[in-house]
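Everything below concerns the one structure shown next.
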Amino acid sequence: MFPSLTSDLSEQIKAKTRDIHVRAENTQLMLNYQKGLITLPQYKLLLFSLYEIYRALEEELDRNASHPGVSPIYFPQELARLETIERDLEHFFGKEWQKRVIVPAATQRYTQRLHTIGKDDPNLLVAHAYTRYLGDLSGGQVLGKITQKSFGLSSGEGVSFFSFPGVSSPNRFKQLYRSRMNSIELTKEEREAVLEEALMAFEHNIQVFDDLQKMLSITEETSENQQATLIRPFSILHWSLGICAALATVGIGIYAS
């Protein structure tokens, strides 16, 4: 049974994914982001994941550009994000940013899924393209402004990902995109598979957000433990031995490093 009475694929996906969409928006990472509390390390890690996700998605869209389930929603000039993410990563990490790419496990699973369906069932790519690109053109624009404000990126550098110079009107373009989606001819079974894949697309995004949040929590906890480990021996040594000034200076130098 379809989640709504309409025959429009875009509306069916929207209805099918309504609950899981709310879940995605309420992950800890996204809640922090929406409140302007995302940290720069979190944003950088997110960019690494987005780079891998869009690289996989756009490779498969390019490879299947002539497929009847892909060609109606293939807009590389207007929507492609890979180059914009590369510019952002270069801004933060320099020209050799690729040597510093970190790919969390959930991101790897997401990219593997994109490559699998691109090879075996390209019809399903529409679910991921719709979820990612229309999200970027909607709530993503709000997140772009939050990012600029949070990190003082007034020049626009570091937030190229949120910019769509090939889209003069996001609202009109989203209408066009949905219309193209709705023109894709699918059997009942194929349509059901696309709707299920849309749920999977959101699930993958939730797992990516949770994975990134865990990574940052572990990193911050490790950093705090390391600082405590460095402070404790120095404090005890200074207190119990009445250490001389020269040795105290060395101890402070080690802590500062």
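A Cβ is built for glycine as well, from the same backbone N, Cα and C atoms used for every other residue.
Because TrEMBL annotations are produced automatically, they should be read as predictions rather than curated entries.
Fair warning: this is a prediction, and the values are worked out from it, not measured in the lab.
HIS21 (heme b binding site): 18 other CB atoms within 10 A of its CB, across all protein chains. Here TrEMBL flags LYS14, HIS21, TYR130, ARG178 as heme b binding site.
Under the heading transmembrane segment, TrEMBL lists 236-256.
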Q) Taking the mean position of the Cβ atoms of LYS14, HIS21, TYR130, ARG178 as the heme b site, which residues outside that list, in the same chain, have a Cβ no more than 8 Å away, listed in sequence order? A) SER10, GLU11, ILE13, THR17, THR131, LEU134, ALA198
Q: Provide the number of Cβ atoms within 10 Å of the Cβ of ARG178 (heme b binding site), excluding the reference atom itself.
A: 19
